[in-house]
Amino acid sequence: MSQKVTPFMQSLKSLPADYRFDGSPVSDRLENSSGASVRLTNSNVPRKGGLRNGVSRTDTAAGDSEDSPYSGHGVFVEEQSLTDDVDSGAATMPLPQSDERRWSDTSAYARKKILQSWIQLPNGNWELGKILSTSGEESVISLPEGKVIKVISETLVPANPDILDGVDDLMQLSYLNEPSVLYNLNYRYNQDMIYTKAGPVLVAVNPFKEVPLYGNRYIEAYRKKSNESPHVYAIADTAIREMIRDEVNQSIIISGESGAGKTETAKIAMQYLAALGGGSGIEYEILKTNPILEAFGNAKTLRNDNSSRFGKLIEIHFSESGKISGAQIQTFLLEKSRVVQCAEGERSYHIFYQLCAGASPALREKLNLTSAHEYKYLGQSNCYSINGVDDAERFHTVKEALDIVHVSKEDQESVFAMLAAVLWLGNVSFTVIDNENHVEPVADESLSTVAKLIGCNINELTLTLSKRNMRVRNDTIVQKLTLPQAIDARDALAKSIYSCLFDWLVEQINKSLAVGKRRTGRSISILDIYGFESFDKNSFEQFCINYANERLQQHFNRHLFKLEQEEYIQDGIDWTRVDFEDNQNCLSLFEKKPLGLLSLLDEESTFPNGTDLTLANKLKQHLQSNSCFRGDKGKLFTVVHYAGEVTYETTGFLEKNRDLLHSDSIQLLSSCSCLLPQAFASSMLIQSEKPVVGPLYKAGGADSQRLSVATKFKSQLFQLMQRLGNTTPHFIRCIKPNNIQSPGVYEQGLVLQQLRCCGVLEVVRISRSGFPTRMSHQKFSRRYGFLLVENIADRDPLSVSVAILHQFNILPEMYQVGYTKLFFRTGQIGVLEDTRNRTLHGILRVQSSFRGYQARCLLKELKRGISILQSFVRGEKIRKEFAELRRRHKAAATIQSQVKSKIARIQYKGIADASVVIQSAIRGWLVRRCSGDIGWLKSGGAKTNELGEVLVKASVLSELQRRVLKAEAALREKEEENDILQQRLQQYENRWSEYETKMKSMEEIWQKQMRSLQSSLSIAKKSLAVEDSARNSDASVNASDATDWDSSSNQFRSQTSNGVGSRLQPMSAGLSVIGRLAEEFEQRAQVFGDDAKFLVEVKSGQVEANLDPDRELRRLKQMFETWKKDYGGRLRETKLILSKLGSEESSGSMEKVKRKWWGRRNSTRY
């Protein structure tokens, strides 16, 4: 395929046209490179005024810049004066107005510029310089800092013009070589444009900082195709659109070395898929699995603060409408050794530090947690924190995520208990018990805490860590363990618990995200697997990780190189083969049977006496002839990977490959009371019963042995590759710009080494010179055949396809027709897709307009029919309502007539009865007036004529009328009198109630007075009794004294005794009067009380009596007042008499008694 080359391009034929990543020239000459660049640039250079997404920059490397006809998605070249005197008079060129001028302006622009080339400095970095002169095999180069050096012309690498600085697709570079790619990525990296396309591959440079490229605004822009710059969102959008359009499962394969940003890139892709396919709520659960998996599967290493120590494949399932219906997570090769051993400056898994920092006081007390530096497993690396990371906050995030994926609170506490048990296991120490260095665990806090957390007996735990039961035939031998053996047993138990816990968590997450009956077969798989690793000391983990990367690189090569070129050849496409670095030899070194690395490793693992040294010797013996293997001294050997040489040390290879946990430890876990250890034991028993699939070795091999770690991992990789092989892959290559994890630092050597590993240059070359878009004749004709103007019903698919291409003026060099497919260069199918979409959109608008017209017509017809139907229905309804009203009116009229007739009959009967009464009264009166003279009545009172009629005199009739009027007047008077009497009766009833109230109050007052009189009387009785006793005592004393004073005078004694007797007689009479007064008081009180009670009963109607209770009550009150006055007078008289009797006595004490008594009496008197 020939193409015209511009004069300027012809002048550059003497320079090396293109370079591979190793810097050597290749057979792909300048014509192909420049020609391709011209065509691609033609589709991207805008017309004048068409700059968009521009940024301002100053090119310090070149030293000058001018207005450029190139816009290039994110580049804006600002005019600046030249710093040197070369070509100082160059004028700026205006932007072209047509396609021809556009290319002519580009050529003129290039001719005006001094040629620029890349030169490699002694430190390995590339520097941009200007070619001042060329003589023979040497050239004079001017460097940016002003130095002028002379170099060999063959070492120079052509540089792209500055108008191509920062292009977003490496396919647009005119010169495709290492320094140009490095410079372009560096330019974009400094502008925070971290994504660059390399053909079908997205190159993502880790910025080590937050960049404003994410969020809902960007998601919406990529969903609507309003932003076409390279991005993870664009890759995810392409995947989901192709899945729906082609009904083929998709995969997004993210690769790169540790610290390149693979985990974050995977999360960004999941974020976009969740935004586009969300709505059911399951997408939120899928996103929340990331904190859980990172906490339990990621750790800080020397190269990465958040390094994934396991591989994962997240398969997101979609419904037919493109909505997420579920997901499934598959994990690979968790680095269990990190649980018990960490290198200096690294950390174990994040969850341990998060638990120690963020556990609540109640949880800390329950798990007996302490700070992280007190656990030996965590303290051996002397690294407990990560700059800028709050472990306590991350722990709460993990707990929230566990809630979202439906892990119960009880299960969460069990998970944390297992983590604490692992930490405390590391603190279990041993003591020597005999001369043979046998040990047993120290019975301290660590041992008891472990037993408590996993729910086992402490004695069983002690036996498991210090002894081992071995079955020999039918006998059981108990072997005591030495210190190294006991430590290995302890660490193996800790690693197994953590590994099983990680698998259990993944299983719980998968249950929460299960698709179930909603599965449709459509899915997008996101692979985030550990990157290529090479350390100062590489062990079994790096061996497996790098093997996985070799397998992924082979998958990458197969899809982008092998299958691509094989398809071109099979379909008869005119194609120039592109060479690429194939890693099949290295992959065969690992997988070849029976003399591959994995086979020899498994074979040595089956030998009881096999050691790490015997393994190294065996590898050197059988693999020394392989070009990818080199045996070193001792336990070292080197493998030449696609990414570079890695030296491994076989120390620990056999132990880690066997991954044996003794049956005693499994039995211990199965005997625990907690559910999780029991589940772990069941899982390990199931795994231990699985034999090796197929005879890996010769007779006497490992058919009955447990699957080794390497074999299991190889099987998982084969299944993974098979699953990815059934999908359409989308590749993202993550690049780590520096090893210090600092933003803004760009290390050329490190980036270049990763680009070489990724094969980016080969990908761009094959994509630029190839046909990335292909479609079968049948599918192409079905998809775009309706765009043809002429009828194509009777034509074959190939003729239809060719007719479509001619109709839309697709240039012949932009496509090729194969035996079964059409092959298009980049961007060509997009033109047809745009036309198809516009046509379909127009068809849809026409259809919608026509369907709208049909719908409106139908609606009008329906409205008319509905109106008619409504009128009929409403008429029928009104007629029924009218008939009902007539029936109700007729029924009402009938009821009214019946009621009125009933009332009339009742009135008539009343009038008739009244008439009879009046007639009887009048007749009686007439009879009484006649004094029984009936004859007069018969003869004179009335006469009968011949016809039998009664004749009444006029005088009699007038008399009767007068009497009737009089009777009526009397009746009215009686009625008025009756009304007056009723009013008076009502007044009497009111007065009666008032009188009854007054009577009750008077009765209460009277009762109080009676009680007062009774109390006064009782006091008087008591006082008189006291005075009587006092007088008697005084009389006896006086008599004795008189006797003693003058015992000889009888006359005196006689007078004394007579005086006492005379005084005692009136006192006795006074007591009798008082007694009668008391009896009278009691009698009267009884009488008055009975009378009052009787009147109350009469008043209340309980007793019938022919008397007026009010008048009788007033009379009774008058009688009580009269008696009271009389009784009071008699009491006063009695007092005076008693006072006179008391005055005749000379004793002062009696007077005091009397005054006291009468004072009480007066105070209590009413």
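Just so you know, glycine gets a Cβ as well, placed from its N, Cα and C.
Taken verbatim from Swiss-Prot:
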BINDING   256-263, 304-312  ATP binding site
COILED    955-1005  coiled coil
DOMAIN    112-161  domain 'Myosin N-terminal SH3-like'
DOMAIN    165-837  domain 'Myosin motor'
DOMAIN    839-868  domain 'IQ 1'
DOMAIN    862-891  domain 'IQ 2'
DOMAIN    888-917  domain 'IQ 3'
DOMAIN    911-940  domain 'IQ 4'
MOD_RES   Ser14  phosphoserine
REGION    1-71  region 'Disordered'
REGION    589-623  region 'Actin-binding'
REGION    717-739  region 'Actin-binding'
REGION    1030-1065  region 'Disordered'
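Known features from Swiss-Prot, placed on the structure.
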residue: Gly256; record: ATP binding site; DSSP class: coil
residue: Lys262; record: ATP binding site; DSSP class: helix
residue: Asp305; record: ATP binding site; DSSP class: coil
residue: Gly311; record: ATP binding site; DSSP class: strand
Does anything in the same chain, at least 6 positions from Ser308 (ATP binding site), have a Cβ under 8 Å from its Cβ, and if so what?
Lys262, Thr263, Glu294, Gly297, Asn298, Asp528, Ile529, Tyr530
Between the binding-site residues Gly256, Gly259, Gly311, whose Cβ has more other Cβ atoms within 10 Å than any of the rest?
Gly256
What's the most sparsely packed of the binding-site residues Lys262, Asp305, counting other C-beta atoms within 10 A?
Asp305
Per DSSP, what is the helix/strand/coil residue tally across the domain 'IQ 2' (862-891)?
30 helix, 0 strand, 0 coil
Counting each residue once, how many in the region 'Actin-binding' (589-623) are helix, strand and coil under DSSP?
25 helix, 0 strand, 10 coil
Using DSSP, tally how many residues of the region 'Actin-binding' (717-739) sit in helix, strand and coil.
9 helix, 8 strand, 6 coil
The domain 'Myosin N-terminal SH3-like' (112-161): DSSP-derived helix, strand, coil residue counts:
4 helix, 27 strand, 19 coil
